[in-house]
Structure formats: C-alpha cells, structure tokens
Amino acid sequence: MNHRLTDLLNHRLTDIIWSMVKVLDFWAEWCGPCKFMEPIIEQLEKELAGRVEIEKINVDENQDKAAVYQVMSIPTYVILKENKEQERIIGATSKDNFLKTISKYE
C-alpha cells in the first residue's frame, strides 16, 4: 500500500474516532445506584458498539479525572462529542432515557 493511501486511511479513521460519541461512566464499587446501572451499561456497550464508546472510570482510583470533570455525585455519565462535553446524566436512569439522550449526538 502506498503512503498516500495509508495516510488517507489513517486520517479517515482518526476522523471517525474523533467524531464518535463517547460516554465517561464515573462510578464506584460501593455505590448502590452504580450497581443498579451496571447491567444497563453492559447492554448499552453491546448495542452501541462501533457507534458509541463507553469508558468506565472508577472515581476512587481516578480522582484526578473525576475532578477535571467536576463529578460531585455518582453515577455520572458525561457525554462527549469531538472531545467536548455535550450533556451529562447524573444518577440512575432508565435504558430508554439513556438511549434517547445519547441519540441526540450520534
């Protein structure tokens, strides 16, 4: 494969990844609502694979990242598009509400 084609493919892949919706899932092991949301998040990861990336962030192990996003309660779901915060969901919610919120940014 020539360098031009490789560069073009790499650039396109970067554009696709950059434009994907990303959800930062701030949680903790001791958090009851986080445990309630865990199976819902697992379902969403499967259903939205390739379209939405969900990154789980344990606030006890990643206090710096939680501070950067000013997470004050958990669970908190920060929805990013092109690496900019679009919206956040704070607390437990239904799968339907989660999907409705995310679909605004796909």
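Glycine is treated like the rest: Cβ placed from N, Cα and C.
Automatic, uncurated: that is what TrEMBL annotation is.
If you check TrEMBL, you get these features:
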- Cys31: active site, nucleophile (ACT_SITE)
- Cys34: active site, nucleophile (ACT_SITE)
- Cys31-Cys34: disulfide bond (DISULFID)
- 1-106: domain 'Thioredoxin' (DOMAIN)
- Asp25: site 'Deprotonates C-terminal active site Cys' (SITE)
- Gly32: site 'Contributes to redox potential value' (SITE)
- Pro33: site 'Contributes to redox potential value' (SITE)
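Annotated features taken from TrEMBL, shown on the structure.
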{"residue": "Asp25", "record": "site 'Deprotonates C-terminal active site Cys'", "contacts (Cβ under 8 Å, 6+ apart)": "Ile41, Ile54, Glu55, Lys56, Ile57, Pro75, Tyr77"}
{"residue": "Cys31", "record": "active site, nucleophile", "contacts (Cβ under 8 Å, 6+ apart)": "Ile74, Pro75"}
{"residue": "Gly32", "record": "site 'Contributes to redox potential value'", "contacts (Cβ under 8 Å, 6+ apart)": "none"}
{"residue": "Pro33", "record": "site 'Contributes to redox potential value'", "contacts (Cβ under 8 Å, 6+ apart)": "Ile74, Pro75, Gly91, Ala92"}
{"residue": "Cys34", "record": "active site, nucleophile", "contacts (Cβ under 8 Å, 6+ apart)": "Trp27, Ala28, Ile74, Pro75"}
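In the predicted model, the domain 'Thioredoxin' (1-106) has a mean pLDDT of 87. Reduced to three states, the DSSP call for Asp25 (site 'Deprotonates C-terminal active site Cys') is strand. Cys31 (active site, nucleophile) falls outside any helix or strand according to DSSP and counts as coil. Taken residue by residue, the domain 'Thioredoxin' (1-106) breaks down under DSSP into 48 helix, 27 strand, 31 coil.
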